[in-house]
Amino acid sequence: MPISNTLSILIAMIIAHVLADFSLQSNCIAKRKSKNNLPAHFIHAAIQALLIYLVTMQWSAWYITLPYIFITHFIIDYFKNRYVTNHKIWWFILDQATHLLLIGLLWYILFKPTELVGCFKAYALQNSTSILVILLAYLLLFVPCSILIGMITSQWTPQPNEDEDSITTESLYRGGRWIGYLERFLIVTAILMSVPEMIGWLLAAKSIFRFGELNRSKDIQKTEYVLIGTLCSFSISIAIGYFTKFILMHS
């Protein structure tokens, strides 16, 4: 089978999974699954298996596809709902990643795309330097940059104002850290995709929401502290982005 057709089937299998796991799963089934209702788990797993079987179009391999998807999906969902009480985003990502990994394994078993796997390996080896440079750039954006910015701005950390209402000034838990992570991720992505104007829009959006709030609190020290942190974050991100792009262009 041609590479393009094999890859198209894999994408179709993932689409079938997304449809069955989200669009075609009713609220009633979802609520019953959360209470570990076995019939609800059976129905959901059966829909998953049937949809994926249909898109693979490997009719003679029904004895592989149907039980494989049904059993693996049932086990994952059942144990997730039984033992995971705090349905945080990390569990959601792990759940979906496991489903996709098993779908990919089934695709490999059914179609044995050795030629396609060979192409991926050749691409990875040929572009290993570029892949590692991009990976390093994005890794630097998160915790290392946060530590560096914290060290730079530590000398200007404002003292808490006892006169301010603690309810109105309380921020989200680690909200500032995640804002920094996301803004640096978007800045470097914009530079690598050659869309630098996105940085201006990002800075304008942050200014409207963040500095408007600080202006209302009339806290000059806090305003200047946030401004220094923001400009440091943007400057470091821009430097990492363009340095990464320079290496990619000359590697």
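Cβ coordinates are placed from backbone N, Cα and C, and glycine is handled just like the others.
Look at TrEMBL and you will find 6-24, 91-111, 131-152, 185-205, 225-248 tagged as transmembrane segment.
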Lying 6 or more residues past either end of the transmembrane segment (91-111) yet within Cβ distance under 8 Å of it, the residues of that chain are 1, 6, 9-10, 13-14, 17, 21, 52, 56, 58, 61, 64-65, 68-69, 72-73, 76-77, 80, 84, 117
Per the Cβ filter (under 8 Å) with a sequence gap of at least 6 from its ends, the transmembrane segment (6-24) is approached by 44, 47-48, 51-52, 54-57, 96, 99-100, 103-104, 106-107, 111, 113, 116
